[in-house]
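Everything on this sheet refers to the single structure shown next.
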Amino acid sequence: MKKEKVVLAYSGGLDTSVAIKWLMQKYSLDVITLTVDIGQGINLDEIKNKAENLGVEKAYVLDLKEEFVKDYIIPAIKSNAMYERVYPLATALSRPLIAKYLVKIAKENGAKYVAHGCTGKGNDQVRIDLGVKALAPDLEIIAPVREWNFSREEEIEYALENNIPIPVSRKSPYSIDENLWGRSIEGGILEDPWQEPPEDIYLWTRFENREPSYIEITFERGVPVELNGVRKDVVEIIEELNKIAGSYGIGRIDHIENRLVGIKSREIYEAPAAIVIIRAHEALEDMVLPRELAHYKKMLEDKYAELVYYGLWFDPFREALQAFMDKTQDRVTGKVKIKLLPWSFSIVGRESPYSLYDHGLATYDKGSTFSTESAVGFIKLFGLQNYLYALKGGNND
């Protein structure tokens, strides 16, 4: 009898390596793996070979860096997307892209199932499941880690018993997720929120530079297009900024996060490029957006980040918010100067042909063009409602 097929999102890590054998043994399925290159910086050929050696029917490896940046990271930059105003959503942004290609590969191969290695406590299970169901409601989803209830130690034992090579030891039980936009580290001592993270968990943010330096990022309609006066594609800009800012130790995040599933968790992230780009983008927006638009956009940015974090990328609400965000970027064009320091950075300059900053109006020096005479009438009209309220004794209640 012909076996049914399952397409597994495969990272080469502990959970998904064990999942290959588990899906074969538990469900008697032919396993097809999908590995996407979104800037992890790992040897994808080795991962493909590893999957094939574990007996999969096919092992797909797709370079999706350009699509990841164009369709997910750039919209997030335009939206200054930071969950709880801290986390730039590197992992969350990648999940709808993975879901999209799980569906695509499943349809191409006539697979009835898709599978992933997300845990039953995390957010990623929601993001992948919702993404798949939004695009292909008929596909069935298997989440082995959610079903088998292995502890980390039991999972390692299973791998050893089944001759599955794994990049995890009992001395280093960290779960790591990485892409162009950031790196997350979980597990082990990090689960104690009082304990300082060991220095050896950090790879992108090593403190190597002590002397201050300056960088300049040029944006066109909200998109970074130049770094230090040299035009580059966004992938290159992100890669270079991860190295440059990371060498100052910039981009570390140690955060108690409110997960979608209702628990609080201690999250460690590295995101040098994401933090610098978003802060520079915000600084440029401060210069070019009218006040009411700037203030309202800030409120919607929080909701946008929540929707992405919650796995609602394909939701009409997120898409409607994206249309708003895109419109706000019509004049977000200009240059931002950033000073890099050990462990920190500052926005120290910005310029734009659409700047609403007028030196003549803003200066307190002689030659100011601001009409102070107009201020009296403005104040009267602006405070008219409060004035009338006070006349009626409203403040005496």
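Placed from the backbone N, Cα and C atoms, the Cβ positions cover glycine too.
What Swiss-Prot annotates here:
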BINDING   ALA9, TYR10, SER11, GLY12, GLY13, LEU14, ASP15, THR16, SER17, GLY117  ATP binding site
BINDING   TYR87, ASN123, ARG127, SER175, SER184, GLU257, TYR269  L-citrulline binding site
BINDING   THR119, ASN123, ASP124  L-aspartate binding site
Quick one: among the binding-site residues SER11, SER17, THR119, SER175, which has the most Cβ atoms sitting within 10 Å of its own Cβ?
SER17
Among the L-citrulline-binding set TYR87, ASN123, ARG127, SER175, SER184, GLU257, TYR269, as the record gives it, the longest Cα-Cα distance in Å:
19
Rounded to a whole number, how many Å is the Cα of TYR269 (L-citrulline binding site) away from the Cα of ASP124 (L-aspartate binding site)?
16
Mind computing the max CA-CA distance among ALA9, TYR10, SER11, GLY12, GLY13, LEU14, ASP15, THR16, SER17, GLY117, which the record assigns to ATP binding, rounded to whole Å?
13
Between ALA9 (ATP binding site) and ASP124 (L-aspartate binding site), how far is it from one CA atom to the other, in Å?
12
THR119, ASN123, ASP124 excluded, remaining Cβ within 8 Å of their centroid (L-aspartate):
CYS118, LYS121, GLY122, GLN125, VAL126, ARG127
Using a 10 Å radius around each Cβ and counting other Cβ atoms from all shown chains, which of the binding-site residues TYR87, TYR269 yields the largest count?
TYR269
Long-range neighbours only, meaning 6 or more apart in sequence with Cβ under 8 Å: which ones does GLU257 (L-citrulline binding site) have?
TYR83, GLU84, VAL86, TYR87, LYS264, SER265, ARG266, GLU267
Taking the center of the Cβ atoms of ALA9, TYR10, SER11, GLY12, GLY13, LEU14, ASP15, THR16, SER17, GLY117 at the recorded ATP site, which other residues in this chain have a Cβ no more than 8 Å from that point?
VAL18, ALA19
Provide the number of Cβ atoms within 10 Å of the Cβ of ARG127 (L-citrulline binding site), excluding the reference atom itself.
27
List of residues, in chain order, with Cβ under 8 A from that of SER184 (L-citrulline binding site) and at least 6 apart:
ALA90, THR91, ILE176, ASP177, GLU178, GLU267, ILE268, TYR269
Taking each of ASN123, ASP124, ARG127 in turn, which of these binding-site residues have a Cα lying within 10 angstroms of the Cα of ASP15 (ATP binding site)?
none
